[in-house]
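In TrEMBL this protein carries:
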type	residues	note
TRANSMEM	127-150	transmembrane segment
TRANSMEM	171-197	transmembrane segment
TRANSMEM	203-225	transmembrane segment
TRANSMEM	232-250	transmembrane segment
TRANSMEM	256-277	transmembrane segment
TRANSMEM	298-323	transmembrane segment
TRANSMEM	335-353	transmembrane segment
TRANSMEM	365-384	transmembrane segment
DOMAIN	459-540	domain 'PhoU'
DOMAIN	565-651	domain 'PhoU'
Amino acid sequence: MGAGYLYLFLCCVLTRAHDPLGNDISGDNQIGIVNQFLNQPVVVRIMDEKGKGLENVPVVFIVLKEPQENKITNKFAVIQPETTYTDKDGFAKTFVRLGNARGDYYILCRQNGETLLFHFTGMERDWVLLMVISVIGGLALFIFALNYGSKGLIRGFGSKTRDLLFNLTNNRLTSLVGGFFVTIIFGSCTATASLLIKFASAGVVQLIPGLAVMLGANIGATITIQILAFNIMNYALLIITIGVFLRILFPNLRNLAQFIFGIGLLFFSLKIISTGIGSVKYISGFTKTVDYLNNAPVLAIFIGALTSFIFRSSTAVIGLVLVLTLESAISTMPALHLLFGANLGTTIFPILLSDSANARRITLGNFICKFVGVLVFVILFDYIKIIPFFENNPRQIASIHTIFNIVVALIFLPLLSPFSKFLNFLVVETKQEILKSKRLDQSFLDAPAIATGQAMKEILDMGYKTIKMLEDAIRVFEKRDIVLRKTIIQSDDEIDQVEEMVTPYLSRLNPEEMDQELRKMQIGLLTITSELEHIGDTISKSLMNYAKKQIDEGMEFSQEGLAQIREFHRFVLDTLKMAISSLATRDRRLAQDVVSRRDTGLKMVKDFELKHIERLQRGLKESLETSTIHLDILSDLERINFHATEIAEAVIGIL
C-alpha cells in the first residue's frame, strides 16, 4: 500500500492554511475581478492527530454556489485543478477563476468526509473607481433632486413662505413653527439659513425670532430624512413616472408634479449610492477604519462635520449614513457620531456667509445650539450607554436625528432672551454694518416670492420718505425755509435711487418661478414704485420751484388762502399715509377708503380755486401777488392725491 493512502487509516484534520506565525494564508474572503483568477491560491492543510502535515493526500474543490446573474455556461467559475494533493508539509492548493457576474462565490473543499467553505467576492474591473463614481454621482444627483423638488413647493407655497418670514414677531413659538414649515418647503436647513442671513442683514428679521426660526428649521430638515428612511428605493422609477405623467396630464398641478418627481429622484439617487456603497466594505482596511471610528467619537464627529461642510448639506450626508447603515457597512455608534457631526457641520458655512452682525449672531447661535446638543447626546450614548435600546437600521437613525433636533429646540427655546444678550455681547456691530443695506439680493431673482417681499421693504421705506417730504413741504411755504427746501430735493434724489434699483430688480424676476398671484404682486409693486417716484418729483421739481419763487420774490399768501392750502395739504397727506399704510398692513378696506378720496380731493380743489378767484375779484393784495403760484400749488397737491389713490388701486389689485 502506497504512502499516499495511509490517510485512509489515520484520523485526518482538514483546516485552512496558516503560516508559522498563525496568520491565515488560506486565501479565503478574497476580492477578485470577474473572469480572472484570484490573486492568491486557495490553500488548505491536512494534518494528523499530532498536528503533523500529511503528504500526498488528495483534496477535492468544487464550486458550490455563484451569483444567479451568471447564466452563461462557459462563463461559470473555474477551479484549476479541482483535485490536488498535499505536499510534504500537508498543504494543498488550487486556483480559482471567477465567473462572469459580480457577487458572492462559494467554493467547497472536501476531503475524507470533512469540508471547508470558502467565500470570494467578484467585482468588475476598476470597481473602486466605479464605486467612487457611483457614490459621488449619486450624491450630486441627490443634491440636485433635493433642490429641484423643493422648487416645486416654493412655487406652490412661495407666497405663504413670504408671509411666514415677513410676519415674524418676537413670539418665539410662532417663529419656530415658521422655520419648520419653511424648511420643509425649501428641503434644506442650509437654504433656510442662507435666506435668513439675507433677511437679517436687511433688518427684516431680528435676533430672537431668527434664532427660533433656525431651531424650527433644524427640526424641519429631519422630515426629508424621515421620508428617505422608508427605504422604497426600488419604487423610485415608479414615483418619477407618476411625477412626469402628472405634469403632462394635469398642467395645473405642475408644482406638485415637480415635487413628486424630485422625491422619486431622491430615492433613485439613493439607489445609485447604495449600489456603490455595497462595495465599500470590500476596500482594504475599511472594516478596521469603522472599528476605529467606533472607539473614536470625536474623529467620527469631525468627519461628519467636514463632509457636511463640503457638501453644504447635512441631508446629503445623513442620507449617505442611512445607506451605509442599510448596507451594514457601519454599525450604530459610528453612524450616530457621523450624524451628529453632519448636524454640526451644516451650521459652519452660514457663519462664513454672514455679512452683518445680526446675521452672524443668528448663525453663530445656531452653531452653539447644535454644539451643546452634540455634547449632550454624546454623553448619553457614550457614557450613559442608552444605545442598546436602538437598533441598527435607517428608521432608528432617522428617529434619533429628529429627537436630537427636538431636544435642542426644547433646551434653547425658553432661554432665547438671555442667549440673545450673550450673542449681542459676543458679536459687535461695526459702523459700516449699521449703514450697510443689502435688501435687494440678486440671488432672490429665482425665488420671486422672497424677492417681492424684499422689494416691498424698499418700497415701504420709499413711501415713508415721500410722506416726510410732503410733511416738510408745507413748512417751506410757511417759514420760507431754504435749508429745508434743499433737504426735500435731496430726499427726492434718494427716492429716485431706490426707484432705479427696485424697478429693474422686479422686472428681472424669473417668470418661470411665478404663479398668477406673484405676477399680480410684481405688477402692483412696479405701479406703486412709479407712483411714489411721481409724487417725489411733484414735490421736489414743482412745489419746491414754487417755494423758491415765493422766497425769491418775497410773496405773502393771504391768511385765508394759506389756511386753505394747509387744509388741502392735510387732506392729501392723510390720503398718502393711508395708502402707504394699506400697503404695509395689506388692508383692502383701507385701500378702498383711499380710492374714495379721489373724488373728494377733486371737489375740494375746485372749491378752493373758486374761493381764490373770489379773493382776486375783491382785489385782495396778497391773493393778487401769489396768484401765479397759488392755483398751481393746489393743482400739484391734487395730483399727489391722485397718485396716492393710484397706489391704493394697486394695493387692491395685489390683494
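Please read every residue number as a count from 1 along the shown chain.
Cβ coordinates are placed from backbone N, Cα and C, and glycine is handled just like the others.
Automated prediction, rather than curation, is the source of TrEMBL annotations.
Here the domain 'PhoU' (565-651) has, by DSSP, the following mix of helix, strand and coil residues: 83 helix, 0 strand, 4 coil.
Over the domain 'PhoU' (459-540), the average per-residue pLDDT in this prediction is 89. Under DSSP, residues within the domain 'PhoU' (459-540) fall into helix, strand and coil as 75 helix, 0 strand, 7 coil. For the transmembrane segment (203-225), the most Cβ-contacting stretch among 127-150, 171-197, 232-250, 298-323 is 171-197 (pairs under 8 Å).
Residues 146-147, 149-150, 153-154, 157, 161, 164-165, 205, 208-221, 223-224, 262, 312-315, 346-347, 349-350, 353-356, 359, 362-363, 366, 409, 413, 416, 450 of the same chain lie 6 or more positions beyond the ends of the transmembrane segment (171-197) yet place their CB under 8 Å from a CB of it.
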